[in-house]
Structure formats: C-alpha cells, structure tokens
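Heads up, the thing below is written out as structure tokens.
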Amino acid sequence: MDAIAESVFDNTMPHAAVDDTPSHLSVILETSAAGWLAIPQTTLKQVSEALLVALNAHLASNTSNQVSVLASGVQRSEFLFPTPEDTHAKHHNGTSTLVSSKLYSLFRHVDEEVLHRLDAHIQTEGNGCDKGTLAGGTSMALAYIRRCQAETAALKARILIISITDDSAIPYIPVMNCIFAAQKMKTSIDVCQLGPASSFLQQAADATGGVYMDVKHPQGLIQYLTTAFFVDTSLRPFMVLPSQNNVDFRASCFVTGGVVERGYVCGVCLCILKDVPQRNFCPVCGSRFDDLVISKLRRGPVVTRKKKRKTDALQTPLTPAAEQPEAVTDD
Amino acid sequence: MSVTGAAAYKKRAGMLSIQEELLPPILVWKSIDSSVPVPVVELPLRTLTNLQATPVTLEKMMLKVVSKGPEDPETLVTTVFSFNHRPTMNNIRDALQQIISRQKTVIQPGLSPAPGDATQANDAPANGSLGTFSSTDSLTEAKLLRNHTLQQKLLRAQPALFTAFQETVIKGGLHPDEFWSTRIHLLRTFALESSQRRGPYNVLSTIKTVATSDNQVNVSISIDKIQAIFEQYPVVRKAYDENVPKLSEGEFWTRFFCSKLFRKLKGEKIGVYDKGDLILDKYCLINLDYLEKEDEEDEEHIPRFLDLEGNKDDNSQKLGNGPDVTMKGDNNPEIVLILRSMNKLSTKIVSNCVPHGETFEELEKEKEEELEFKDLEETQPMSYIELHVNSQHNSNSSKTDTEVTIADADKVDAGLPEFKEKMKDYFTTELDLTELYSAPSRKRSAEEAFKDTIQMIKANTKQLKQTWNVTSVESLFSGVSVVNVTTDIDSSLPDADLETLRLTQATSMEFLKHFWVNFTNRKGVSAAGNPAMVRKLYASLKKCQERVESSIQLVAAQNPVKPEPETEKSEGEAVEKPVDNVHERHARDYMGSISRSLLVAIDSYESAVKKVGGVL
C-alpha cells in the first residue's frame, strides 16, 4: 500500500517550538440505531456530549482552528456542522437551547448546530438496512477538507471516525479509496472504535498515520478524545501514539465480503476472490478466464496416489487470472 | 640520439655513451686514446640495477653504476666513472635513471596484470557458455534450469540467495530444480545481465597514470584495454608488431605511455622540450590516415538515391571549408590536430556501432521500402480490452451480507423500533456538559480510560525505543513521518539471535511456497500432480516446525531473563506470568505468523489425506 501512495506527511516539516498553522478536525459520527443498540455500555447522547467537549477543546487550542461534523447513518451521511447559511438551525425548533446559554458563544454556536442537526438526522432516519454510509461520510469529509485547504493554505487536517460497527458493515473498496485519497491529501484518519474491532478501519488508521483505538471504557470517552485522539498532525512524528501495532492487513473478498486469508486475484481488474469463480469469468470485470487455468485451479490438492486425489475447494495462494497470475499471500 | 659524454674510467679519459638503438642496448665506455690498450667497458642496459652520483656539494664528480654480473645475475658489479663536467654527468645520470626505472617498472606490468588476466581469462569462457542468449529460446525455463553454471554464478553474486539455497537445498534436502523453479525470473534477468557487452569507447582517455610517492608512475591496463587500443589505433599495433620481440611486452607499454606517440594519440599538446621515447616516437611521423586507410577494405558505395527535396543550400560542397572548424586558417595548428584526432576516433567508434548485419545494401533496401505505397494498405485498428467493472456486484453482495448479519442479530433487533424512539428523545432537553467529569461513574471510567491509553503508549514506547532515536532525528530533517518507518523490532534480542530467527523464518517460507505450489498442483500438466514430492515437502514442513521451535528455545536459552524489577512492574503481562521469559515470548511473537502458516499448511495436507482415507 505504501508503494502506491505517496509517503504520508513528507511535507509536514515540524516547526521548532510554536506552530501557528490552523488545524481542521473533521468528525464522523455513526448513528445507526442497530449499531448503538448493540452497545449497551453507552448511548449516542453520552458520546455526543463527549464529542462536543472535544470539539470545543480543539477550537480553543487555536483561534483559527476549524471543525466539521458529519453524521453517518444507515441511509445517508450528512453534515451536522457547518451547514449552509439558509438552512440554519433556526428552522428547527428555533428557540430551544440544547446547551447551556452560559457557554462561550463560539462553542455554543457550534454545539447547538451539531445537536439540532443530529436530532433532525435521527428523526428523519429511515429503516434502510444497507451497508453503513461510513465510506460516503469519509468521502464528504475529505472533499470538505480539500475545499478548506484551497481557501487556507497550509491547513492541517485530520479525520476522526467514531465507529460503532465492525467490518461486516463497511464496504471494503470505497473505504480503501478513501484511504488512498487521505494519503494523497496527507490527512490522517483516526478511528475511535466503540463497537467490535474493525480490521479495515485499522488499516485506514495505519495507512494514514492515524490512531486506532478500541475503546474499552466508553463512559470515559472524553478522556480518549482529549488525549489519544488529540495529538496534532504535525506532532505525530515525535509522539508515541497509543495506536495498535499489530494491524490486520487482510483484504476482503469482493464477492462474499469475507476476510480472505488465501485467495485469488483477477489478473485484469485485481479484484480479490475467496474461491475459484463458478463460471469462467471474473465476477467484477467480466474478463474471461482461461479454461485450462481454471480447470487447473479446480483440480484440488495432490495427495499420495494410492489414496486418490480429492476435490476440495481449498483456498490456496493462486490466481484464476486470464492473463498474468498474481499471487496474494498473507502471512 | 644516443647520450654521450666525456668520462674517466679507472683514471683514464674516455667517452661514455648510451646506445639504445643497439640490440641489446648497452652502456659503452671507450678510451679516447685508441693506442692505449684499455678494454672497452660494455654494460648491457638491462643488467643495470642501481645508480649513485656524488652530491652537488662535493667537488668530486663520480657516478657509480651497479649492474648484474654477466655470468651470474646474483653477483653485483660496480663500475665507477668520474667526470669533470657536472652537466655532462647529470645528463648521463638522468638518462640512466630513466632506463633503470623503466627496467624496474617493466616487471610490474608483466606481473601485476597476471591476476587480472587470470580472472579475465576465466570470465571469458564462462561468458561464452552463458553468453549465448541472443536467441530467446535459450531463456526458456527448461534451459535455465539446466544451466548450472549460470545458477552458480547467480548464487555467487547474491549472498542472500546463497544463504537461502544453502538452508533449503543443501541442508533441507529440497531439490535444486524445485528451488529454481520459483526463481526463473531471477535466472532470466541474470542471464540477460551477464551477457551484456561493453561497446567501443575512447580507451586512451580512460588510462590514468598514478604517481606514487617514490617518484614512480604506475599505469595499470588490462588485456581487453590493450585489445581496444590495437583496434582503435592501428599505428600502435604496427609499433607493437615491429618491436615486441625485441622489447619485452612490459617494456613496450612502459615506453608507450612515456612516448610522444601516446600523447599525440590521446590528443594532448606536445611541447618542444617534452621527453619522448626514442623507439616509439618515430611512429608519430607515419601518416596515420594512410595506415588507417589500409585497414579499410570497404569499397566506395555509390548511393542510388538522390534527395530531391534537398536544394542548393543543402549542398555542403558549395560552402567550402567554412563549416569545418579544423579547416580554418587562423586556427592553432595544435588544437586542430587534437580536434582531428578526436573526430577521427569518434567516427571510428560510431562506425563500429552500426548494428551487426546492417550493410550498405540493407540500408538501400530500407529506403526502397520507404518509397513503397503503403497508404492503401489496410490499417490495423488498435484494439483495447474494455473493462466493465461491475460495481453493482459489490453492493449486491454487501446487501446479502448485511442481511445475514441482521438475521443473526434478530434477537437483538427485537428492541430496535423501541430503541429508535428512545433515540429520538435524546436531544430534547439541555445537555449538561459538565457532567462528563462530575458524574462519579464517568469520572471513574475516564480514569480507567487514562490508564488504558497510558498502558498502550508505554507498550509502544518499548517497541519503538530502538528505532526512536533514529527516526525522530531523521524525521526532523527529512520530514519523514513515523508512518513510513517500519518499527523494526524490539530491542531486547541481540542481533545474532534475530538473524537466527530470520533465517529459520525464510527457510520455512521457502518450503511453504514449494509445498503450496505442488500441493495445489499449479504447475503440473497432469491432473495427478506429484504426490511423492508433496509428501516429501510435507515432511519438510514438519521439520520446519521443529526448527522454529528449537530456534525459539535456542534464543530463550541464550538470553536468560535477568531480574529487572522496573520492567516487570511496568508491564502488566509480566506481572501476571512471573516465570515468563521475556525473550522467549518475543521470539515466539516473531515466529507466530510462520508457525501459524506452517500449521495451516500441515492441517490442509492432513485433512486432504484423511478425506481420501489415506494414512499419513
């Protein structure tokens, strides 16, 4: 992966003592009700509280710091903050305040906006049971960061994903595309995993120089957000991050979606397959495979002649490639 | 041009002269007075070994010449000449000095190229045997597998590969063909690489003279350089042919590099007072162009094609000597000479580079083909393979996938609608952000979270410790982030032990690779494959397992754990398992993936055998 992407952060020459360049923090909050239901230890409400404090802390640490917040639900991802001027929070229960009026006005503005929009997001959320929209949300965040960076040169940025779902709800390819885009943009992706461990998100954090943490004490989320995930991008080369070092780099099968230990790669479109395709063409790009190659792959393992061979679809580091076979090995 | 001077020998006046033209060249002293019966002193120049002259401060002017005895080369004969004119003596001394130094250096070029020659000579036939890769069929798998010379050379060239070979083939009993079959690409590139030849180049300019501290000048040349010189400069070959039986090989080259001829060919300026070489300098006078003409047997070709698009401006003849720098009258003749010789050399080199077989006729034919009408011929349309990526497929599959997970989680989902309603009520009342830290349960949880984070950082610090100093400094200056730094390994194990583990790992990988290739019958033509081979490889894998275990034990045994209270305390795991050997645990961690891979491979084989009812 490193070979494809540019090296991350090779331009972030850390400044000596004081670094005044503004930083952008983009938070993606998963809102899938089913996901939250599966985590009885904490609620979306509690997490939102912690998140707001973290946002305020980020805004407080530098006057020109920026934040953006996205909600990633089961149907759609949308911006909670910032929002276009005309759809300002006023349209929704204009008068009610969700945070203390004593709060510093900048914080209050952001917090109110986030909470109102989040509320609206939950109210309108339908019953879709597709894969989560996390990849879409990440794309939106990256696009927004790109726009901000066009306006403010030298804006540092990082993305924080507050995730509650595991790999089964994450589309592999779009997430990988997001990872590559983030690498190009030198934006790190931090992952705060409240739900079951996700190897794809681990890969995302590892490839972009971000922090991945499985949160063991969700009630103390604020502590994680303001310490482990609070390290500025420019400081990361100098800090020991609380990230996990043993990242699971296995890819997922394009057809079944399962994690692949040993699989097959299409020589044309490079899609990863767990089993030899039933018909002799690639299920993703439709390229025809050589019948001979496929039949060889279907042969099954070689066992001592006396005891006869058997035909068992054993996964092996081979390829049903029509052109040039390439092996995927994972150790 | 022989050097002469008046000198006294045994107090008798006479003339001392160096006669280089004679064969063998000699140093002669003759008495002036021919009536006196004093024998003529003749010393062959080749026997001279040493020279000693009285210093300038002394009034006496004497020159001591030490030479080898005529019969026995071991005994040294000393001859003393006395002079009454210092410049004369200096003149003769200088000439003799040059001769003696030449004598001495003669030996070295004669000897020193010897080892070089040997390797060159060794290489040549070796290249010959591997060097026939002009046709692609010699690069086929079968031929590469049979070419043992090539394989040996490759092993010699790549120590890492050699270690792998040693471990798996020599010690592990893997068949060499099996080893090479997965490395055909390496053999192929190496074969192509080693059959590369160097084209012609300006040889003389690459010859550098190195002056040593004792006022000697060393030149080292190899056989192929000499051959290149002969090829590029026929005059040198001519000189060589005519002189070498007389002169020794080494002496010829020593003389050559001191001669004006060398400087002229090289394109250097020759000063009037420059010392040259008596024998070789006369070759400067030979018309070099004439000599080269002799070599060219090519007859003149008359081009059959006229370029009609060319106009009178393109006619170089009409421009006269204008464009030719070397033909301008106001040029320094010496520079012109240099330019000419360089031009000549370039032309020669370029003409040698014409691809083999491209004769004048073929060039003409090419032109004829160019004239043929081609525009009416059918053009072959470029064909691309269109790639239709079925992205729909992915989302389809994902849908079924989530359906499955949702079906699994049916029980949990029972409360989902209710939960959703609850969620809708989350943000109706004001949130109290201060509660995050003030509520006792959350406060406690935050403390736990803090401990959790710190523990992870500590664990990471330990792992990074070794690379830390390097990386942080590096990233400071180059901006390389930690992301790109592969945290090599824990510092707790010595390098030698790590190397042991690495070697075991690499060997096991090698066997695994061959096992899978054979087990899944990827290469085999027949459906039956090669069960005997798979069986053998299975046994090897079993052995690999033992090796991995024993290497871990070895590392553990060599690194007995020292009681380190601080690390024990800092690491939670260590406290839990007091008898645990940290090094062994690390070694086990490193070898974890390979042991797992071995297990998977062995299990696959065993289950496959069981399925067909076989016995292991």
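Each residue, glycine too, has its Cβ placed from N, Cα and C.
Because TrEMBL annotations are produced automatically, they should be read as predictions rather than curated entries.
Among the features that TrEMBL reports, compositional bias 'Basic and acidic residues' is placed at B:563-579.
According to TrEMBL, the domain 'BSD' annotation covers B:150-191 (among others).
According to TrEMBL, the domain 'BSD' annotation covers B:213-264 (among others). The helix, strand and coil residue counts that DSSP assigns across the domain 'BSD' (B:213-264) are 35 helix, 2 strand, 15 coil.
Distant neighbours of the region 'Disordered' (B:308-327): 336, 339-340, 343; these residues of the same chain sit at least 6 beyond its ends, with a Cβ under 8 Å from one of its Cβ atoms. Taken from TrEMBL, the feature region 'Disordered' applies to B:308-327 (among others).
Residues annotated as region 'Disordered' in TrEMBL: B:557-579 (among others).
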Can you count helix, strand and coil residues in the domain 'BSD' (B:150-191) using DSSP?
35 helix, 0 strand, 7 coil
Considering every residue in the domain 'BSD' (B:150-191), what is the mean pLDDT value?
84
